[in-house]
Ligand SMILES: C[S@@+](CC[C@H](N)C(=O)[O-])C[C@H]1O[C@@H](n2cnc3c(N)ncnc32)[C@H](O)[C@@H]1O
């Protein structure tokens, strides 16, 4: 019963997620007398029952932290029976399907139930998820998980081939989601299941699937067709060096032109050393660490067809940079409305 409500204390039967370390999260179901082995030593379930969620628990070689599951965390630890949807796509699906407490939402196929958990949370406590799966064992496993997680009252999990037999829902659904190899084959029954103004979303890895789905959607009177691809774009911290021209002290330009011209010219070695020495003395240490360090660099510049060496200043600083090649394609999300 650990998904349905926010709880302070762990109880027998709860699905608990153990934070064992960075990138190391495992799930377990609490049962009196059981022992769970972690890399930090054995953990007795009895140690957890009655203890608060989120509080560190000492094992013989270190600590672990028991967490209450959320759909986002469940997606990271669930047993994979199929390929699953991840939170980047799931968040866009929930948003674009306009789900809210009280909504009725339909899903096919159920797969490993990754999306199902997020859909149920969005429509709880007075809405409902109808989820369909044509693989019998997968459907049974998902149904068992929903019960174990205390979500049985908010979901109907049915074993059915929706392309052959349809959804058997008549204008009841506010939203409908399809993660199937051939979503275009069940757009007719989807249009019967949705109410006027209902939203549909299909997930397909290939553009050819998207094209066929869009044609079927248009043929059945769907409008506002939009295709999205969700990519998460991680920025990494990098040291970069940028050169810039030193035009000298700007106040001197108006007061002493000769002096400015001299200053703008490439400094000789002695001048450079003098200049660097003065700057280092004057520079406040805090400012240096915030803005990065400066250095002189020789660069070749060409003017009037002639190349000459010139000293430019370069500043090295830390910045966030995105990857040059975007990885992480999962699939395209096609959204539409039925009026
Ligand atoms: C990729 S999985 C879905 C994963 C799911 N969205 C998740 O996040 O866990 C696709 C599922 O659709 C099921 N499926 C395929 N064709 C179907 C059909 N015609 N009717 C019902 N289920 C179907 C497959 O058995 C499979 O379990």
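A Cβ is built for glycine as well, from the same backbone N, Cα and C atoms used for every other residue.
Features of the protein shown, as given by TrEMBL:
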| type | residues | note |
| --- | --- | --- |
| BINDING | 112, 113, 114, 115, 133, 179 | S-adenosyl-L-methionine binding site |
| REGION | 261-309 | region 'Disordered' |
| COMPBIAS | 268-287 | compositional bias 'Basic and acidic residues' |
| COMPBIAS | 288-306 | compositional bias 'Polar residues' |
Checklist entry - What is the maximum Cα to Cα distance, in Å and rounded to a whole number, among the residues 112, 113, 114, 115, 133, 179 annotated as binding S-adenosyl-L-methionine? => result 13
Checklist entry - Which ones in the same chain are close to residue 115 (S-adenosyl-L-methionine binding site), with CB under 8 Å and 6+ residues apart in sequence? => result 84, 85, 90, 93, 107, 177, 179
Next on the checklist: Among 133, 179, the binding-site residues in question, whose Cβ has the most other Cβ atoms within 10 Å in this structure?
Outcome noted: 133
Item to check | Candidates 113, 114: member of the binding-site residues with the richest Cβ shell (10 Å) | outcome: 113
Checklist entry - In sequence order, which residues at least six apart in the same chain have a CB under 8 Å from the CB of residue 112 (S-adenosyl-L-methionine binding site)? => result 78, 79, 80, 81, 82, 84, 138, 142
Item to check | Near-site residues: S-adenosyl-L-methionine, ref 112, 113, 114, 115, 133, 179, CB cutoff 8 A to centroid | outcome: 82, 84, 85, 107, 109, 110, 111, 116, 131, 142
Item to check | In three-state DSSP terms, the structure that residue 179 (S-adenosyl-L-methionine binding site) belongs to | outcome: coil
Item to check | Per DSSP, three-state class assigned to residue 133 (S-adenosyl-L-methionine binding site) | outcome: strand
